[in-house]
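Asks: Can you keep this structure in mind? I'll have questions shortly.
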Amino acid sequence: MKGQRPSVFLQLLWSKHQIAIHERPHGLEVVGIDGKPHEKVDKEVVHRLAQIFGLSQMSSERRESLHRWEEETKWFGVTRTLSSQSVFQDHGRFAFLMAESQTGEFREQFPRLVSFIGQTGSGKSTIIRMLIEQQRSRKIRKDATDVVGQLPYPIPGIVGDSIPTTGDVHLYSDPSSYSSKFPMLFADCEGLDGGEHIPRALAQMHKGLDTLARSNTRIIRRLRKGVRQQRRITWANSPETQKREYAVEHLYPRLLYTFSDVVVFVLREPRIFETVISERLLYWAEASIDKSLNQPALPHIVIVINATQNQIEDEQWGTETATKKLLDDIKLSINRVARIQALAAKLKQVGKDIDTTEDLLLHYYSSVTVVRIPVKGRYMLIDEQVEKLYDIITGRCNVAYERKKAVRLLFEAERLQTYLTAAYDHFSQNLDRPFDSVKEALKHSPIPRDFGGNILKFALAFRQAQQNGGDDPAKLFDTLTVVLASCIMLDAERQTLNGSYTQLLRDSYSKHLEQALNDYCSLWLPCAFQRNGGRCCNVKSAHGPKGHQRDDGKIIGAGKFQNNFKQDAFYKDWIARIGNDLENLTTEMGEQGRVDGGLPAWLRAANLHRRYMSNFFEDVSEVWQFVNHDTCLWCLRHHLPEFSLPCGHVLYATKWASPFQINLKPQHAGVRILCLDGGGVRGIVELAILKLIEAEFKGHLDIQSFFDLVVGTSAGGIVALGTFAMGWSLDDCIARFERLCSQAFTPRGLKNVPLLGKLVMMSHNSIYKSSPYEEALQSVFGTETLLFGGKKAGTRLNTHVAITSTTQIEQQSVVFTNYNRPRNASEHSLYKFVRSDRPSNEVRVWEAARATSAAPPYFKAFVKEESKSIYIDGALFHNCPVQIAESERRLIWDDANGSPPDILLSVGTGRGQQPSPAASAANSEVKYKEWKRIGFIAKMWRVMAGRFDNILKCERIWEDYVANATYPCKEDPELKHRFIRLNVDISGSIPNLDEIDKLEELKREVTKDKVPRVKEVAHRLIASCFYFDILSFTDNGDSFTYNGTIKCKFCKGSDRLKGLGRFLEDCFRGEFEPHFLLHDENKRSELNIPISRITVDDMRIRGKFCLPVGLRITSKLSAGTGLSICLQQRAYMFHDCYLSISGFPRQLYLDEKIQAAMLAKERPISNEQSEEISTSEPLSSKATSSGVNHKKEKASLFHVEEREVEA
């Protein structure tokens, strides 16, 4: 046998042993003490299970050590403060496990919750431990490595002990599915009959704190208070409701029953099952079933009969046999156990058919399965039964998943955390009021953004504004008939669709109308069943096996969803009525065509639609509530609400005329982008750099005049919000930022006390207090100012501001914005665009600031109250947010996709040769091992130090981005130099994020000498204010002649245009005059266009600028055309003194207006003609600044026009 593997050797040895047994005379078979033949064993299984069972005989010192280790697995629980106030504590375990399970392989995870309940001492903890260790072992064998590591597991109790081992509810992860798309979590609930005994784990923790703190009650208060989130339990106002046992029997079941896919009930004595099922299992479900409405699926129940004697018949180890036998044994309990009889009688009164105990169980659970686990000894059989238990749990979770998916109430990890948080809030305030799953889901689940989804949003907005009619869908949708017909007419004309309106209704629009009606009836229309004055409030999609429930949760009847509304019949009639309205609109359109035949069809349709909408809104009771941030409620089509008005309503941009005017980026003009890094107090460096840039404008213009898009992370996000979203001056922003820093970093007590400081930090999950920081943010930004939408006075609408953050569970980057733009599927791999269609759920400015700067372990994660979403610092993945800026640029302005930005400026928060103390500490192995012992905080410290404070990584991100972005234009130095990063070298070590005493020192570090490209940046911003607008062109056969004007982006007559004129006036020095330069892409042919003093005077006095230009291009398709401005004689860093104006260089033949005219064989393309004194001529050779080719200027016939939008 030498050379063979041990496992092969054992197999051969066992085979020979079996042959020997088979050849023995009858009656001499080798059996164990239980009379069963000896089983073939696996050494790994025996060792694993022996270790688990050995824990029950461990020493008290070892047990205390494990209980301290187990403390980090606590999920939620109830405790009392020193003032005897009961509080609900959420320790953040679910969020932590989901965040830790992220590998990036799956964009979404759908966790499965399995709750273990049972009597104290029944062996719940041991069962969970066996499941965890078995799956870990199998995963090691499969992957050939321990990829999950040593996951925490429950500590079994002492044999015969009546005191619970663990307190509250602990949460563990299944190693096999931990990093999969469907991670399974095991919840270990405190024993159901533990009474008022303090569980041993809690007693051990309190003992440790008491020993540590001695008699110092101040320390005790701080350490015991520290949890992730704490809620006052308002209903615990009597000695009875304040008992620990009361929470175990009433509060915990409501949470676990509502959210569990599977409930595992562990039982040790099957002979008393009748008593246990009536007093525990059914009572546990009875306390919960009517405390949830619209529950998508009832949990499955798996009854584990633990420590079963080995002498039972072999077939009893099969789950089907075990289930059938147990249910047969208790079949008639419904007739002989008083409590079970009472439950059955109660359900029969409401129409439920309850004939057996199984029927009763299936009222509370989706299915019933029994699994036996043998008593210690037969290790291979134990392992086999544990595997069966795991497979059954997995199978039942799959069934629950399909059910929730079918009713569209499937929760991914981030959403499930939101609902859990909502349930914590709900049941902490009211134990008897049911939690409505659908109502909570509708707060967060977006309605589709297609035409059908927009119809539904319109109907819901109308229902809310009317505040009635929600129970009568026929009345609601009938009222909308003519308005929807008008929307269809308008949409058909705008898209120039072929066919009659009625034909388009049949072929295209009817499916959207049907979708809207279906969704409304499925998710918003309550059941019509009534009994004894009560009405069922469950909706169709979630009207499960519970039957009919009142709004207080009480079950009032059996049966399926009922409603008198005949949806199919109504839909046919409704479509017919919409068709009749469309025929009437066709007639009206024809009549208008005879009267206003010169108007295009879409404009006649818009006029007609306006009339119908005006009539409609006259009947709306509360027009101020008729608003949606995700859909235009005027036309119901593709347009997004983009521009918030002072009244709180929102407009979208179109080409159609409207009295309300907004300044937009001109077509084919370029984009100016600013990126602001994160860095805590070092954000003051960014403000100081921006102040240096603004100083170059000599007081004539402010920094807010220029950038089209600003993206900020963490401290950079706060700077972006203050300077560009709120419009503060830089001096004001600097003062507010300094005040904010001084208030934000409020340390917790004992921070500097060895060991105690770390325990306080671990207990609270943060170094600094959150409340003072949030109060400071509210003081600076206001408490109710919305980032997008809402009522605002005199708000500038020019700058798009995006703020980065990160979801805590999925660890997905997100952006909060003060603008709207189309969603794009490709963005999801990089980040998520956050937008609610409900104004009440929109992010406030202070909340965006809090979310982007929630840097662990400095501050706790931020919880958005309305959505219950949890966010941490945006710097986790985008400390330098240039990639997000690039993506947003392309999504906001699709016409700018093919060209580089006018300027992309990235501003850092300081750099240096010496890393910050935090980063140095994080890189220390000794330091890491010290922090590793305190679990969650250690991991957050590693993340913070490794990512948030890594200055070099920001520089690498920038360099990688520039290398890719500038590759197509690597031969053109001017284009390459549009990508600029400004940062300063910090003397000595770089300050940590929280070193507020370094603010003044950091400001002094920022000087012009250290930031040499400040003037170039300022001049590029000036150049980007000008753009070229083509008015007409001529095809000469061998060339194109273009006539147009150089215009300014600033509005006519504005202070900014006047300030630009004053800036240009300062550029006249000696014989030098600022001027434009027309040239081809190689600058072989050039033509100067001077900016005369007359033009500048017109700018600074009257706020007017328009410079006619004519040029001829001989190369039609391949050549690019340059149009630059010269503001000084000295060359910039790229050895030239010319800077391109917005949108140049440009291939003019690609201009959409010209292409459209070429297709239509029309010219000129504009009704406005440019009357130039000197005609277009071939471009002259290059001229110096002292010898330019002057053109005689005349008073411009053009004016600066603002783009117009329609509500």
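Cβ from N, Cα, C; glycine included.
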Asks: With TrEMBL as the source, identify the stretch among 162-167, 306-311, 678-683 annotated motif 'GXGXXG'.
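Replies: Among 162-167, 306-311, 678-683, the range TrEMBL annotates as motif 'GXGXXG' is 678-683.
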Asks: Pick from 142-146, 587-591, 712-716: which range has motif 'GXSXG' per TrEMBL?
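Replies: When 142-146, 587-591, 712-716 are checked in TrEMBL, motif 'GXSXG' belongs to 712-716.
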Asks: Relative to the Cβ position of D873 (active site, proton acceptor), how many further Cβ atoms are located within 10 Å?
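Replies: Within a 10 Å radius of the Cβ of D873 (active site, proton acceptor) lie 32 other Cβ atoms.
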Asks: What does DSSP give as the helix, strand and coil breakdown of the motif 'GXSXG' (712-716)?
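Replies: Across the motif 'GXSXG' (712-716), DSSP assigns the residues as follows: 2 helix, 2 strand, 1 coil.
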Asks: Quick one: Cα separation, D873 (active site, proton acceptor) versus S714 (active site, nucleophile), in Å?
Replies: 6
Asks: Can you break down the motif 'GXGXXG' (678-683) into helix, strand and coil residue counts using DSSP?
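Replies: Its residues divide into 4 helix, 0 strand, 2 coil.
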Asks: Could you tally the C-beta atoms, other than its own, that fall within 10 angstroms of the C-beta of S714 (active site, nucleophile)?
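Replies: There are 33 such Cβ atoms around S714 (active site, nucleophile).
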